[in-house]
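*Asks:* Mind looking over this structure? Questions follow.
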């Protein structure tokens, strides 16, 4: 096969679209499993999971594959759409859409909505988790001898550090006692002894709190929730056509297997976006 | 079926003087059209009326008028070959319409099918795709083997025959939102790929036909399935999938 055919041939474009699309379906399933911990897990479980996802090297590799797939899927889709528009320079005065599904005719529009959603989603969560200096650290309230006290949570089991013992970086010693606090936070998540400059523990970033606060935001929480649910609707329609379409593009079509693929595809297109959408609604309404 | 009656209709027809001219939709009133007449007979009736009025008749493609030659076309009320399934325009009858209806008639719309005049489009792009590989090279010098002497599994023979039913009318391109020709090419690739005689040249065939298809300016298939619904010969999407498989196989060789 000529090198240029990798991108140029109409059929090879279909293969790329299908392969990246199916990979992204796997990603969706994995992402959903993680998100569901916001409903069914504790905040510690969720933050443990978030730490694992941001530090594990295998996950890192998968995440790069995902970014590449999203970018390639989008660029290939845009190229296809432009070419397909050019293939009919003069349109029809009257059209009848009854011979194809709404989803199949609007994959580019649905894909654009999803792409915008992904961009906002990464700004709101991914970028904050990775780069935000003010990303909150996990604080747990525990009752000690009848009094409620706040503790930072270390990543090793059983590590709790009283919040009032922890200084922010550059914080001056107490003006009365002239004694510095016992701990100081460095490099966003590292807890150091303030005197010896030795690391005492790694702390959890509180992605759980960030997420809950995001959807419970008194001003914008409702708007964020509605946009999220709307985007999941677009995703559902996109998958409704896309899932089974990917198999057709890869040449998998027979009277035996195709009904199964179509059924699984439609089930996936309904269940996955629905479960995704339930989470922000649940968080928004939660007391 | 109820007895034939006469209906009065309004026609909105694409008129374009020649390939270069800018066309437009024109409106015509046609009275006393028998519901027993075919759609093309209705257009004949319109043309008689236009000729009597000393106007230019509407140019449209037709030949056998028996639904088998693939010559007639027409995008009628937003559908290729009009509001009935499994037929070409010549097999469409006026009993599908009601008194007072407005009927839109447009040519196939595709960059690869330029309008020649009015409703006539140039479908020679299909011929060039066929010439690129839609054949079996056979020595015809007198020692040709009888085709039936090569055993073919019944299932394959049936599938090949169903693919070969394609008459190359171009309805698939016309109805596809992307102006894609993949149902046509898929059928032509399949009809040979399924048979032992065609397997010999299968690799080059699919590569050449797809390359020619892309060069002609047809769009890319996005599996909407509209072609399969509008195809007068019921060519199935399975043929596109088979072409995709054949192309993958050929590309990896």
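All residue numbers here begin at 1 and follow the chain in the order shown.
Positions of Cβ are set from backbone N, Cα and C atoms, glycine also.
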*Asks:* Given A:196-219, A:220-243, which one carries TrEMBL's transmembrane segment label?
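*Replies:* Transmembrane segment, as annotated by TrEMBL, spans A:220-243.
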*Asks:* Of A:47-64, A:65-82, A:83-100, which span is tagged transmembrane segment by TrEMBL?
*Replies:* A:65-82
*Asks:* Between the candidate ranges A:103-127, A:128-152, where does TrEMBL place the transmembrane segment annotation?
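*Replies:* It is A:103-127 that TrEMBL describes as transmembrane segment.
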*Asks:* Write down the single range among A:158-178, A:263-283 that appears in TrEMBL as transmembrane segment.
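*Replies:* Transmembrane segment, as annotated by TrEMBL, spans A:263-283.
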*Asks:* How about long-range neighbours of the transmembrane segment (A:65-82): same chain, 6 or more residues beyond its ends, C-beta under 8 Å?
*Replies:* 13, 16-17, 20-21, 23-24, 27, 107-108, 111, 115, 118
*Asks:* Cβ under 8 Å, sequence separation of at least 6 from the ends of the transmembrane segment (A:220-243): give me the contacting residues as numbers and ranges.
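*Replies:* Distant Cβ neighbours of the transmembrane segment (A:220-243) are 21-22, 25, 28, 101-104, 106-107, 110-111, 113-114, 116-117, 120, 124, 214, 261, 264-266, 268-270, 272-274, 276-277, 280-281, 283-284.
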